[in-house]
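One structure below.
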Amino acid sequence: MGQRLSGGRSCLDVPGRLLPQPPPPLPPVRRRLALLFAMLCVWLYLLVYSCAGSCAAAPGLLLLGSGSRAAHAPPAPGPDGSPPRLPFPASPATQSAAGEEMAEGAASQEEQSPETPDSPSPISSFFSGSGSKQLPQAIIIGVKKGGTRALLEFLRVHPDVRAVGAEPHFFDRSYDKGLAWYRDLMPRTLDGQITMEKTPSYFVTREAPARISAMSKDTKLLVVVRDPVTRAVSDYTQTLSKRPDIPSFESLAFRNRSAGLVDRSWSAIQIGLYAEHLERWLRHFPARQMLFVSGERLVRDPAGELGRVQDFLGLKRIISDKHFYFNQTKGFPCLKKAEGSGRPHCLGKTKGRPHPEIDVQVLRQLRDFYRPFNRKFYQMTGHDFGWD
């Protein structure tokens with residue numbers, strides 16, 4: 001042990017010479033960068049796994065946008081492997097009536113049912129945007145030519161409202177495509193945001209109340225209503241712009257003009273029987289879940305009416321007078337800044353078109369016809385809209 005090796009080294013020095021030396025420590029900057037990179041990799045892995053892998057492994061959970069699990073779960077396929085049938089098939093009457101309610105011109109895209117979208121991969125869904133797609137918590141269900149497009153565009157200014165632009169027509173025309181297809185039409189939302197859509201024909205579709213209730217009994221419903229006589233003339237004006245050869249308003253509105261017998265089967269007249277349509281909705285939804293927006297007040301005082309809407313939806317009152325200016329040419333308010341734009345925005349050229357001249361006596365007869373229905377509607381909603 002005490003002998004010394006050549007070179008004057010002790011045998012005790014030999015093991016230390018043979019052992020590997022530890023690497024020199026990393027500089028502080030490189031050490032911090034390496035730690036940051038490792039943390040970033042772990043964060044990305046956890047995020048992709050939670051947002052993509054879990055959703056792909058359990059696609060049924062994607063349907064739980066609102067309401068109960070059972071309400072949103074897709075129906076089971078038939079015993080023979082055929083596609084599942086939903087409990088409320090569209091009736092021929094509904095399909096034929098829906099054809100009369102197509103929009104025109106620049107708004108034609110809003111009225112078309114979107115095609116079935118391709119199912120995105122989990123990774124592409126993750127990188128395409130933040131948030132998730134939910135079934136709507138609020139729907140503008142009517143009425144046609146009442147001001148539904150204006151209400152939707154005004155609401156989209158609110159940072160906590162996300163709405164699909166085109167009218168899905170799911171509960172009246174595309175119900176057989178299923179809730180997964182419907183949900184995939186919706187925009188992505190973050191926590192605290194509301195998903196919305198608007199399809200005015202829902203209000204007059206007999207199957208729509210039960211179908212929306214089956215999706216979620218907690219859905220909030222908005223109905224924009226307007227003087228039914230003015231609404232009927234506006235409805236006729238839209239049809240006339242597409243089919244200039246149609247009969248006169250008077251001949252369509254009356255079965256017997258001299259006897260004052262109004263033709264209730266004409267859709268332009270039938271839509272304005274608000275009390276009759278509302279009775280069907282109240283069988284499936286309590287009145288507290290429905291808000292009736294005045295189409296006239298939406299023009300005169302958009303900020304005031306939007307205040308009621310924001311309160312109803314549980315939103316902070318952000319939309320105010322500062323968001324609007326009155327367009328003298330069109331005769332209704334426009335947005336100073338639209339969603340995602342710094343420019344003023346008015347509705348399309350199909351909105352605010354002049355109405356044809358209608359005989360005053362014809363309008364008086366129609367007001368007499370609608371008066372009892374209007375008064376019943378006032379009682380049902382607890383609000384006098386002043387149409388009489």
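Cβ from N, Cα, C; glycine included.
Looking at 1-25, 226-250, 326-350, the range annotated in TrEMBL as region 'Disordered' turns out to be 1-25. Annotation: G147 carries the greatest number of neighbouring Cβ atoms among the binding-site residues G147, P354 [cut-off 10 Å, Cβ to Cβ]. Nearest Cα neighbour of S234 (3'-phosphoadenylyl sulfate binding site) among the listed recorded positions (K145, C334, C346): K145. Neighbour density at the Cβ, taken as the number of other Cβ atoms within 10 Å, is lowest among the disulfide-bonded residues C334, C346 for C346. Taking the Cβ of K145 (active site, for sulfotransferase activity) as centre and 10 Å as the limit, one finds 25 other Cβ atoms among all the protein chains shown. Taking CA atoms as the reference points, K145 (active site, for sulfotransferase activity) and C346 (disulfide bond) are 16 Å apart.
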